[in-house]
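K.L.:
Copying in the features that TrEMBL gives for the protein in this structure:
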- 53-72: transmembrane segment (TRANSMEM)
- 53-337: domain 'Sugar phosphate transporter' (DOMAIN)
- 78-99: transmembrane segment (TRANSMEM)
- 119-142: transmembrane segment (TRANSMEM)
- 148-169: transmembrane segment (TRANSMEM)
- 176-195: transmembrane segment (TRANSMEM)
- 201-219: transmembrane segment (TRANSMEM)
- 231-252: transmembrane segment (TRANSMEM)
- 272-298: transmembrane segment (TRANSMEM)
- 305-330: transmembrane segment (TRANSMEM)
Amino acid sequence: MSSTNAPADIKLPMFSENDDPMSSKGLLGERDNAPPTNATSAVEPPKKMWPGYIIMVWIALSSSVILQNAYILNKLGFKFPIFLTTFHLVYATIGVRILARTTHLLDGLKDAQMTWDRYIRNIVPIGALFSASLVFSNLAYITLSVSFIQMLKAFTSVAVLGMSVLAGLEKMNPRTFIIVIAISSGVALASYGEINFVMSGFVYQSLGIAFEAARLVAIQKLLTGLKLTPLVALYNFAPVCAALNSLLIPFFEGAAPFNEVLDKVGLPFLVLNASTAFLLNVAVVFLIGSASSLVLTLSGVIKDILLVAGSVLIMGSTVTFTQMLGYSIALAGLVVFKTKQEIVDQHILKIRSLLSR
């Protein structure tokens, strides 16, 4: 629900990092994240469109969700990320059920083979991890800039790989180890160069990444064999996450968000925000299989760069040269990490041939 991977693009990424060429995430908000590849689902996109159009729509919606959430939680002073996340999840729960009744976008429901036993044992634990990921990621936006959070999110792939190795799902090889060092060094350099560094925000985002990585690994362990398209995943996970988050509101935020939401945010903007997040999940359905994994990976990089630029231009964030250098290293590492070895080798040979002329 997917998903990535943050306010996590309150989308709900529901698939593994290996299925997501750039980010940690899949649905309801970016955790980060990035477009899923052809491997995300066995279901073809509902209609064939020009890939460039689909990618541009995805980038616009994903970036809009992140910037809107940051604006609400930071600039508008509505510091209630659990409430905001819960509103998105309730909105998605209702919206996806309307789509199930009125369109063919959720025809995959009949193939999901979901039973109550599987729902309790598999869906609920993953939903709990996802709720924690969303809440902590959104908490970070209260104190950290969008640009810095995007840089920190580059570490999600490393976190997922590390947990996958510990869980016995992946093996570390020399190439991967070098890439991990490059990404980690880039993120560390970007963090070192952050002017407005706030430790609490850094800890919140780190916890969000940790829970996101745990969720993605749990999906590989617990949902193997299930055919879950992005919207089918949203159909199953959104109500669980909404219910779990609703239980947290009275203890951590109380009645304050209900008293302040109309004055500080306003109903029209709140609905627009939730609608954008929901449309992002619908866009993912058309994005799947629309282009090669390399194109989608590069699209994710472009989206991240545009988000950092948008954070500077729209929200007044400050990005130092040290951060740009570190983030460039991390993004380069991510592209190599998400691209098949043979494709990387082909491009290296082309570059060598051009330089030798």
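Heads up, the Cβ atoms here are built off N, Cα and C, so glycines get one too.
Remember, TrEMBL labels are computer predictions, not curated facts.
Owing to the predicted nature of the structure, the values given are computational and were not obtained by experimental measurement.
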K.L.:
Determine whether the transmembrane segment (148-169) and the transmembrane segment (201-219) share at least three Cβ pairs under 8 Å, counting only pairs 6 or more apart in sequence.
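P.N.:
Yes, the transmembrane segment (148-169) and the transmembrane segment (201-219) are in contact.
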K.L.:
Within the domain 'Sugar phosphate transporter' (53-337), what mean pLDDT does the predicted structure show?
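P.N.:
That stretch averages a pLDDT of 90.
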